[in-house]
């Protein structure tokens, strides 16, 4: 009956670093004014930052160290808690979502790192509260209804090479036929019928039973990688009955002839599709493996953690010293934040020595070959040097690209970077990026691509101009040619929907939208939340997933904030944010000629004007060097 159908197919670990002592970091230049706040030292170019009071917790601190442009909150956690309380429903929508595992509570959560030591006790209190409160499950959200009601488009699975089936999705598209359970049937046994894909949204497909023609009354959404979705011909080989839906049983007397006519030459899933799905969801990391991971309370160092669980390639890591296993950190197995045991010592990175003298029973070091490899670099010739200036995504505020400085050059191409104007004197908030990281950019990148550059906190000479700043700080810009300029043909477009990790709360995966594309850089907006929570993410980030990934892997998806909570937003708050942000917009523009003459110290470079959001996808470079 189904003859003629086409198919869509297409070393050992190093020794533990636990015995190492923490490496000393050179202090910042003493010539800069400093401000002390409850024992924590911060440097500011003008030394006149003033104080502020957090509207959420009431903490008093240095104003320029407060979160966001409005300076109303001391941390991301307080900002979100305040927003949640005022909206009344957003805790249910996002912060109190059902956790990915029974052991992970999702209530009040700490920010990635606290910028002021004065807030440590307050954050600890929030943690203790989170342990005792019950998580509230989030129900009622449907990707299908969300996409249908708003005519949204989802990013295709092929955009996510790290996700299941990302590299073997094949020709699955609208028009492909599959065999699915027939829900429009009164028979007591489970029967199947053939359906065609009407619309594809990530892993999710809108299906219509064969024979319904233009009638969409029984259309339904399902995950194409689900266990009940089969290629045409599966029922015949498995002895399962094909029964037409009751609604259209009267339309034809010879259904076999109808199917032969309709399905001859049609495409279906590859015969081994379910096997490929299963294989792509096998993950090499196992529970009890030991790794080195960034210390979420001090970004400048790493700690030993143990894999507690693996969900869809995402790892719940518990820091080795956590006796009750509540001090955890979530990241993907391909995250640049995790490394094999011994990595810190091998490159000269700071490392927190563990109080545990030996491995616990059953724990073992993850093999080095499991970790994501970085590109090899040649640091023998011209290379990054300490003190060079650049632009970098702030890991503590991922919506901002900031003025930054290379504070230390490590081995194997790794760099320690600090955000100008908000660094702790001991370097405890420096962070590590590889030289090929898509999160660091040459001086002038934001200007050329019309992105708002965040000047140093407390810097009074606005509008900010790189030339003036370099002269004032007696520093030079990192050479353009040292940065990663590769732009893959990623396939993303503005407006596409996806599921994205909130990197400030990395246990949360949320409904999100691509709102800007600058070459390989994506601006990710969390639906239902304000723009200040947007995050800049690389197009190949392992923290982005297709629509339907949470359903496929069993991870909890955080839905958009309810419309009612969005409407209740304070107009005065919006006006304040708008007025504040306008101080930094429209004043920093320089011409390409000015940048070339002022920043590159005589080298002849020309800048490619930033492509539009719709045209940024493709193999291109940020900059092109003029040959002599």
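Placed from the backbone N, Cα and C atoms, the Cβ positions cover glycine too.
Keep in mind that this is a model prediction, so the values were computed, not measured.
Annotated compositional bias 'Low complexity' per TrEMBL: 1-18 (among others), in sequence order.
As annotated by TrEMBL, compositional bias 'Low complexity' applies to 563-573 (among others).
If you look up TrEMBL, you'll see 574-590 marked as compositional bias 'Basic residues'.
Residues or ranges marked as region 'Disordered' in TrEMBL: 1-31 (among others).
The region 'Disordered' annotation in TrEMBL covers 558-592 (among others).
What TrEMBL records for 606-628 (among others) is region 'Disordered'.
Under DSSP, residues within the repeat 'MBT' (141-245) fall into helix, strand and coil as 16 helix, 30 strand, 59 coil. Per TrEMBL, the feature repeat 'MBT' maps to 141-245 (among others).
Summarising the annotation, TrEMBL assigns repeat 'MBT' to 253-349 (among others). Taken residue by residue, the repeat 'MBT' (253-349) breaks down under DSSP into 22 helix, 36 strand, 39 coil.
Across the repeat 'MBT' (351-456), the model assigns an average pLDDT of 92. Here TrEMBL flags 351-456 (among others) as repeat 'MBT'.
Per TrEMBL, repeat 'MBT' is recorded for 464-560 (among others).
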List the helix, strand and coil residue totals of the repeat 'MBT' (351-456) as derived from DSSP.
10 helix, 37 strand, 59 coil
